[in-house]
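First up is the structure itself, then whatever we jot down about it.
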Amino acid sequence: MRAESERRCSDVVQPVGAGRRCCDGCAIIRPPRDGGIRYRGLTQEQVCVQVLPVDYEIEYICRASRVIVGPKVRKCLPNGTWTDLSQRSRCLLLCPRMWTSLENGRVSSWPLGPPVEGTVLHYSCLPGFILMGPNSTQCNKMGMWDTPKPVCRCESLLSYAYRNPSLSHCVTVCLVILQLKPRYSHVVRMS
């Protein structure tokens, strides 16, 4: 038989006293799709409860190759709600990070953060280089970018050097690239 200082309420046993009612706490919430909840410090039997105590924290976890976007941890508040419920937590597929950098160019990402479903990348090249391929791509629901990754190739070296003498460092970079990567030799036009 249970001691007088304890009462059972919604499958949770909590001490009575110190200003607490027997049902203080938060109802269990569902995990995000393709995710789960880590219940810190609870046994498997205790996870089956309907109400968790005030100040208890849960942590969202995602299946492999997915990352949590939104609050990762929620805490039970004294008013019986969880923190940040207005912000949705989702488990989204991660797109390959190699698309997030561009040799001899720049990549901007929106929104900031890991490259997950909905992330848009915008590409541009440094002076003296031309973007070959799409100037943007989007991470889709399959965890893939919707266009091939572009490359930045050297402009025609001679015409570029005559038009932009202050940027001769780029011509040097292009020459080094041409020496290291002979497949780019068709980029050079002697006119």
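Positions of Cβ are set from backbone N, Cα and C atoms, glycine also.
What you see is a predicted model, and the numbers here were worked out from it, not measured in a lab.
Between Cys125 and the candidates Cys139, Cys152, TrEMBL records a disulfide bond only with Cys152. Sequence-distant contacts (6 or more apart, same chain, Cβ under 8 Å) of Cys125 (disulfide bond) comprise Leu102, Asn104, Gly105, Arg106, Leu131, Cys152. For the domain 'Sushi' (93-154), the predicted model reports an average pLDDT of 96.
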